[in-house]
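Data block below; observations after.
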Ligand SMILES: CC(=O)N[C@H](C=O)[C@@H](O)[C@H](O)[C@H](O)CO
Ligand SMILES: CC(=O)C(=O)O
């Protein structure tokens, strides 16, 4: 019997994860990974697929990555707990959970009760709340969720904040200054503003291919060279603004990642649709004009270049 070698590209290609780790570390300077989140289509995968993806990242990332946080949010509390326990068993560094988004928690206390039950399934793992109201439809302000959360969830470690409300984000930081929480910001085009507000890190889709560029911005911010930091942020914004106008989401991220890294990320899974050829061509031209592609052959006359 021979293994069937033609596989449907709607199946996960586990074999590229090792290469992906090396690419992120070596080419993008990214050493902390958030697995099975929005970009990884975690909520479109089966539980057994999510377990395997997590295992693959932990195995391939060993001694190469600093931290691997596994997103274990699900509509079913039981599944979420199973994934949390699994993350602990395989040696992940933390777990993150979004708000359940079909039957929704209607207030902060109910949301915390849900999160608490998941966190309790992995009592030794740092726990992060993943706030992404535009996708979950759960609009309870993060600042409210954080109030008193450590008393309910002893493993609470921080927040991944994927929203543009900088009042809410700023208040999360301001009201928890005495605690050693991680405030991870998730709107890549606004990261500099969030750093000013006290963000301690960032998790985002564009760091897959603009990690190096973003690290330059972080370094400029660290040394208080705000004008360079702003230049870097504006460069990143020029790209994101361009693709947002073309229609930008998880499918498009995969197409850009394939283009920039050379690693076949494959198409997304339904209900998402593969990015169009037109999108990819336009994105490629923009990346080249901004000097975001390392195999750039536009050496001269590149006025819009960002480096
Ligand atoms: C909705 C979504 O996918 N958000 C990502 C992280 O949470 C971001 O990294 C965005 O993709 C990025 O900021 C571009 O808008
Ligand atoms: C980008 C991001 O934060 C996620 O994939 O969840």
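Cβ atoms are placed via backbone N, Cα and C, with glycine included.
Since we're looking at a predicted model, the values are computed, not measured.
According to TrEMBL:
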type	residues	note
BINDING	39, 203	pyruvate binding site
ACT_SITE	130	active site, proton donor/acceptor
ACT_SITE	160	active site, schiff-base intermediate with substrate
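DSSP assigns residue 39 (pyruvate binding site) to coil, not to a helix or a strand.
Rounded to a whole number, the distance between the Cα atoms of residue 160 (active site, schiff-base intermediate with substrate) and residue 39 (pyruvate binding site) is 14 Å. For residue 130 (active site, proton donor/acceptor), the same-chain residues 6+ apart in sequence whose C-beta sits under 8 angstroms from its C-beta are 37, 71, 73, 96, 97, 98, 160, 162. The recorded positions near ligand 2, defined by a Cβ under 6 Å from one of its atoms, are 39, 203, chosen from 39, 130, 203.
Residue environment of residue 39 (pyruvate binding site) contains 21 other Cβ atoms, counted within 10 Å of its Cβ in all protein chains.
Counting only same-chain residues six or more apart in sequence, the Cβ atoms lying under 8 angstroms from the Cβ of residue 203 (pyruvate binding site) belong to 34, 37, 160, 162, 184, 185, 186. Other C-beta atoms found within 10 angstroms of the C-beta of residue 160 (active site, schiff-base intermediate with substrate) number 26, with every protein chain shown included.
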